[in-house]
Each structure stands twice: as C-alpha cells, then as structure tokens.
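Student: Annotation comment: TrEMBL describes 199-522 as domain 'Kinesin motor'. Look at TrEMBL and you will find GLY280, GLN281, THR282, GLY283, SER284, GLY285, LYS286, THR287 tagged as ATP binding site. The feature coiled coil is assigned by TrEMBL to 529-556. As annotated by TrEMBL, region 'Disordered' applies to 681-708, 822-853.
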Amino acid sequence: MKSPLAVRTSQIQSDNVALRPSPSQKHLVLTQADADTLPFQNGDPKTKEAVDQFQKALVDCMLSYKENFDQDILKKDPKKLIGAILPSQLGKQQFKLLQLFSPEKLTLKNERMGLVGHSDLQIENKQWLLQTHETKLLELKKMFQDVQVNFRSLQTQFQDDITKLGKNIQEISKAALGYNQAVKESRNLYNMLQELRGNIRVFCRIRPPLHLESISSIEHVGNDSSVMVCDPVKPQSTRKIFQFNKVFGPTTTQDEVYNETQPLIRSVMDGYNVCIFAYGQTGSGKTHTTCGPSGGLLKDFGINYMALNDLFNISTSREDVKYDIRVQMVEIYNEQVRDLLSEDTSSTKLDIRTPSNNGLLNLPHAKICQVQSPSDVIDLMQLGEKHRASSSTAMNHRSSRSHSILTVLVNGKDIAGNVSCSSLHLVDLAGSERVDRSEATGERLKEAQHINKSLSCLGDVISALAQKNSHIPYRNSKLTQLLKSSLGGNAKTLMFAHISPEAESYAEILGTLKFAQRASTVELGTAHANKESSEIRELKEQVDTLKKALASKEFEKTSPKLTENAIATERTKQVLNCTPPRSRRLSLENACSGKARMPERKIPKSPISTMSFTRDRSITHDKECITDGFYHAKPHKSLIQMSMPSTEDPVRDEKIICTVDTVEFCQLPPDAYDRLKQSGLNIPEGTPHRSRNMCTEASGGDNPSSTAKLEKLMTSTAAKKGAHLRKSIQSGIGRLIHGTERRNPQNSAQGTKIMTNTCHDIAPPVTADIRLRRRQSLTGIPPTASTMSRRSSLGGRLDISTRNTQTTSACAASMHKPLPFSWIPWPKQGSNDKRGVKTPPPVNSTAKAKRWV
Ligand SMILES: Nc1ncnc2c1ncn2[C@@H]1O[C@H](COP(=O)(O)OP(=O)(O)OP(=O)(O)O)[C@@H](O)[C@H]1O
C-alpha cells in the first residue's frame, strides 16, 4: 500500500499487537491511549460500535484525501492531520462522537495523551463543540417547531376524524337499530302469520356423531334454518335441502335449544295450550332433548325440566296472579296407556275419555300431582323416568320403548277474578326403528311393532291434517287420540325432528325430514287463550238465569191455554187418521229436503199446524188421533227432535236432537215453537214454519207431570243455548256410519254424546243397516236376497239423488223403527267425504245401492 495512512495504520496495528509502542507513535495510537479508559473496553457495545465507526470514518477520510495530503504532514505532525480531517468528517458520526467524547473526556484525553498545553487545540475543540451544539440546538428547535406544527395539524385532523367517526357510529347504530327493529318486526309478523295460520312449528336437531370417524350425511346447516343432506354412499346423488323454523347443529347446547323454545312455553302462562313433541328414529336424541343426556336429570337438564322451572319463575314473578301447577305423566306402551306417577304402573291401565275441562284432560283417572317447586318436578320426573319402559337395543343402549307424555296443567286467577287454564304437553315419542337394524326379537320386536304402528298412525293424522281432509283418523291409535287436542285443537304445537348424522341412517334421516316438512304445513288455525274475565263469567251466568226465568214465565202464561189446545189436538188427530200414511211420510221427506209441501188436503187450522208437528208411521199405526192439533199419545219415554231443513246452507243441514226424558206431545202449546226459539233454540228465521218438523213419539192422556216436563224441556233447551241444534239427522247418521270426526273436539264430543243419549233407550234399528252396509263395503259381497227384500220392504223406493236431503223427521222416525234402506244417507258422488284407515269407503257404492234398490 502506497498510502502513508495505510502504512501508519498497519504500524498502529502491529504496535498494538506487539504492545511496544515507540514514543513517536504514541500520539497517534488513540486506541492504545484510551485502552484503559474507553467505555467500550468496559463492555459497552454502543461505545465500541461508535469507536469502530469513527475509526472507519477516519480511515475512509484519510483514504479519500490521500492524494491531497502532504506525506510529510503525517510524518511531522499527525495531530494536525486529525485536526484537519475531524471537522469535515464528523458529519453523521458527530452525534455519537459527542456522546463518546464529551468536552471533559476530550480534555482528559488530551491530558493523558500529553496534549496539555496545547490550548489552541482545546479551544478549537470547544469552539467546534459549541458550534456543533448550537447547530444542533437550532436544528432541534426547528425540528421541535415542525413537530409542534405537525402535532397541531394532526390534532386537528384527529379531532375531525373523531367527529366523523362519531357521526358514522351514530349512523351505523341507527341503521343497526332500524335493522334490528325490522328483523324483529318481520319475525313478529312471521310469528303472527304462523299463529294466525296455526302452523305446527318444526325445529330440527342434529345429534353429534357418536363415532368421530363415521361419515356424516349432513352436508350443510344453513343460517336460514335449512339443512342439506346427501347420501354418502352415492356422493353423485342430488342434494336435498329442507327448511324448518329452526335447525340446531350437532354442537348446539341444551340451553340454546331451550332459549328458542322458551317463548312458546311462556305462552302457557297466558292461557294457551302448548304441545311439544320429539320425533325421530331410535337413538337420534329425543330423550336427550326432552329429559337430558342420561334421561335421569342428573346434569344438563332437558327442556322438560327447564320448561317447568321457567313456569315456576314466571308464576313467582307475577305477583297479581295466583297459579296452580299440576303435573301428570303417562306412557303409551304396547298400545296401553299407563300412569307413570303411580307406584304400580302395571295395574294402572288408563282409559282415554272425551276431553272435559276445556279439553285439557282426557285421562281423568291418571294421577295428577300438584307441584310447588322445581325440586318437586325433578322428583316426579325421576319417578316417571324410573317407571318408563326402556331397554337396550343394537341401535341405542337405553332405548325408550314407549311414548311418554308429561302434561302440565296451569290454572291462573288474578286479583280481578279473571281466570285462565292451559296445558302443556311434553311428549317424548319412542323412536321408529328398522327391526333388522335394531335386531329386536321377542318382546323388543313386539314393542317395535307397536311403536312403528302408532307412529305410522301419527303420520296418517299429520297427512290428513296437511291435506285438510274432512276425516282425520285420530282414533286409529292411542297416541293420536291423546294428541288430538294438540294436533287438531286450539293449541300451539312444536315438533322437534331429531336426526342422527351417520351415513347408514340416511334413509331414516330422509324419512324424518320429509315427515317434519309435511308437519310444518299443517295449519291448526289460530290458537286462542283459555281466558275468561270475571265480567264475562258474570254475564254468562246472568244470561243463563234470565233465560230460565223467561222460559218459566212464558210457560206460566201459556198453561191456561192447554185445555183449549187439547180440543184442537183431538181434532187434528182425527184428520191425520184419515190421511193415508204413505203420503204423509213422503211429505215429511220433502219437507226435510227444503221443498216441503203439505199434502193436498185440508187440515183444520190449529195452532199446532204452524209447527208441523209430525209423527212417524209407527205412531200413526197406533191409531192415535190428533184432535185440535194435539196428539193424544200413551205416556212414553221419547225423543223430541227438531229439524231445521236448511235449504240455503247445506253445511248447516245438521242433526238437531233435543234429548228430553219424556215429553207428551199433546201438552205442547201452540206457540211452543216460538217460545223454544226465544228461549235459546237457534232456528233459522227464513225457514217456513211448516217445514220445521217436530217429531215426537207422544203419549196419550192428560198427565199432570206434563207441565213439569215441558218446563224441563224449555229450561234444558235454554240452558243448552241451542248449541246443539245445528246438527241434522242426516249428517249425524252419516257420521255414525263413517265415523267422521270434526276437528273441533267439542263438536264431535257433543255429537257423540247426543247419539249416545239418543240411543240409550231405544237402539236405533238403523244400526243393523249400517252394519250390513259397512260389512258390504268392506267385503264387497252384496247382501243376500232375503236381506234385500226385507230392506226394500221396510222402506219405500226413493231416488238415490235425494238421499242426502232426507228430512230430519224422517231420520228421527228412523230412530224408532227400522230405517228404510233408501233413507240411509248416501255419500254424494264426487264429495270429498274421506274415510279413515279403519273405515274404507264402499266401492261403487252408488251402483250397488241401485242394485239393492
Ligand atoms: N345433542 C346431543 N349431544 C350429545 N349426545 C347426544 C345428543 N343427542 C343424543 N345424544 C346421545 O345419543 C344417545 C341416544 O340418545 P337418546 O337416548 O336421547 O335417543 P332417543 O332418540 O331417545 O332414542 P330412543 O328412541 O331409542 O329412545 C345417548 O347416549 C345420548 O346421550
């Protein structure tokens, strides 16, 4: 290297290595001079770095200026060299140097280096440092000012941003509020719509896979409450999407499920009847949802317990209402209803009765336990679960072998006297199972068959309801009989459709989902609360009392006329005796069809003639006569049947049967019809009097008890408020034949009651015909000639087309004598008179009837 600096550097290095510096080199060897004192020697890496950089800068500088340096300068006075290059080369490093070589250090250094006395150098250094400091200070000041300006502008900007952000947040929150409100409103509207339509709500719950490695059939669970399934065995097959009111994925907790169910359960406290039932294949998690994981309520409670707990919470929070909560728990095991709260379950087989008490209870003999707290509920549920039939199958180690129904009855009364009564049915159905998969044999097989049969009946009912069939086959199983009020009444109904995700259950998954989807289309009609205000109750009682009073007063007024009327009865009787029976009977038939034409003969005008009281043939044959418009008949336990041949409204062409113990026809006053009407019998105004037929099997002679009996008739009919006067004989008999049931359980219940009462004393001979016709319709074998001849001899010949418009009186007559074949109500062609599974429709009924006739 030609550069003297290089030479010097190498010298310095070699000297450092040799540790034998010559006196002439002593001033230059800064490193050596500072060896003891320099901070980096003490292990400060920053200082070391700064010194290194300084050395490097020095060397660089020397190298860059090497051409201009006089080589002698270096030899003569190396200090000058450093003094010359330092100010120009400090540049970037000066700051570090300043830190490293503070004035004190520099002085100290100079002293050490034997530079003391070199005052000019010191001054120079100090001046330089001062200048540097000043420059720095100025720079810093400028920087500070800049920073201040920047800071202020940033501050302003920040404030602007904050204001803007605030505004945005306000807008967003407004929008969010609006959105939430819109969502809430739409949900409310949707719920209202659902409520108005009374749809069965359906929630679907997917059980987590029991084995992690198993392939799932559930492809996707959407946020829009939809579930997509695919057959894993055939991945190319089309995906199927089902949508429900809610779909719970495998990770959903019991609480989440209950939160969605809670509003429905809470409405029980407002007087609504609610039914929640869990449906699904065996092992799909029904018991898990309803009772909890172990079925024994030990942990992770099911919705049954949570519901009851909630009911208690509400009852304590509503201080102005006093609630009475009672619990009933039954199971349907092998088509037998058993009480689960009774200690001896095997001996307590229960009968299902027509719902009484507002349709809430149809197992009157089942044990009902009053519960005061959730702990009472736990005790009862544990008892019920203990008694419930369950056993191990290949599909589920703790499979429920029965349908369990937990019924909670809630009666509330507030301080104003308003009362409400409602029921909550929590149903855990037994799971449908394929016996080949569940490997059921013996008793298990029998159970499985019963379970599958009752579930299939439930499916039939759901289908019939979904299709709005006129006939709903509730009677086909105990399960549907018990669920009747929930499926077809005024209840709010929720169904949990459970599915197992495993690939091998794909067929069952599809079955369950399809069933659930069909159930979701069932419209039950608006659910209404079973509430009655105290005023309404009082008013109802008042109306009843007034009606009774009015009826008795009216009767008192008319009783003096009875003697007078007796003469009129006698006269009418005589006239009737002269009339050929056949034509009279036909006239009755016509009257019922709304085209009433009295026979072309003059009957003495009597008050009774306006009522068209009519007797049937059997009465006529008794040689009883009508004088003065009244029959004189033998005392006889009888029926009074009033018909309303409604020509305008065929639907209202219903049976009207007032069941009264005994009424002597002869004692009915001429204005009895009007009074009956006033007293509550709802008789169409437009119907001519002569077409209204009152038929009675009357008794003769004046009977002193008749007044009381008539009063009884008046009061009983008034008390019944004419509620049952809208049923015609035809539809009644039709129902008797077809077993048709209406959706309104009260109607059907009443209908049954009436028929039972009616047939109590005299079994209607029509039963034989019905039985024969049923048998014929089932077997397809036409009746024998003898039967046919007997039948045709009993009744006259009548056109088939007129069968559905028979008079009530004709039907009423049929209750007392064998009904002519042609009088049996015949389903109209093309009518949608659907029959149940147990009563299939007759094949070619019209043709056969013609043949028979
Ligand atoms: N959501 C769930 N989370 C965790 N485990 C579940 C869930 N659902 C069901 N299981 C488990 O699956 C098994 C079967 O469930 P469960 O007994 O409730 O079925 P099931 O539908 O009532 O059957 P069955 O009709 O045969 O009585 C139980 O071991 C249960 O703990």
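Placement of Cβ uses the backbone N, Cα and C atoms for every residue, glycine included.
Just so you know, TrEMBL annotations never went through curation; they're auto-generated.
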Student: Could you list, ordered by sequence, which of these binding-site residues: GLN281, GLY283, LYS286, have a Cβ under 6 Å from ligand 1?
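Tutor: Result: GLY283, LYS286.
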Student: Are there any residues in the same chain, six or more apart in sequence, whose C-beta is under 8 angstroms from the C-beta of GLN281 (ATP binding site), and if so which?
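Tutor: For GLN281 (ATP binding site), the qualifying residues are MET395, GLY431, SER432, GLU433, HIS498, ILE499, SER500, SER505, GLU508, ILE509, GLY511, THR512.
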Student: Centre the Cβ atoms of GLY280, GLN281, THR282, GLY283, SER284, GLY285, LYS286, THR287, go out 8 Å, and tell me which other residues of that chain have a Cβ in range of the ATP site.
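Tutor: Output for this site, in sequence order: ARG207, ALA278, HIS288, ASN396, GLY431, HIS498, SER500.
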Student: Around LYS286 (ATP binding site), how many other C-beta atoms are within 10 angstroms of its C-beta?
Tutor: 27
Student: Compile a sequence-ordered list of residues in the same chain as GLY283 (ATP binding site), six or more apart from it, whose Cβ lies below 8 A from its Cβ; state 'none' when nothing qualifies.
Tutor: ARG207, MET395, ASN396, SER399, GLY431, SER500
Student: Among the binding-site residues GLY280, GLY285, whose Cβ has the fewest other Cβ atoms within 10 Å?
Tutor: GLY285
Student: Using a 10 Å cut-off, grab the number of neighbouring Cβ atoms around the Cβ of THR287 (ATP binding site), all chains included.
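Tutor: By my count, 27.
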Student: Where does LYS286 (ATP binding site) sit by DSSP, helix, strand or coil?
Tutor: helix
Student: Between the binding-site residues THR282, SER284, where is the Cβ count within 10 Å the lowest?
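Tutor: Looking at the binding-site residues THR282, SER284, the Cβ with the fewest others within 10 Å is that of THR282.
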Student: Under DSSP, is GLN281 (ATP binding site) helix, strand or coil?
Tutor: strand
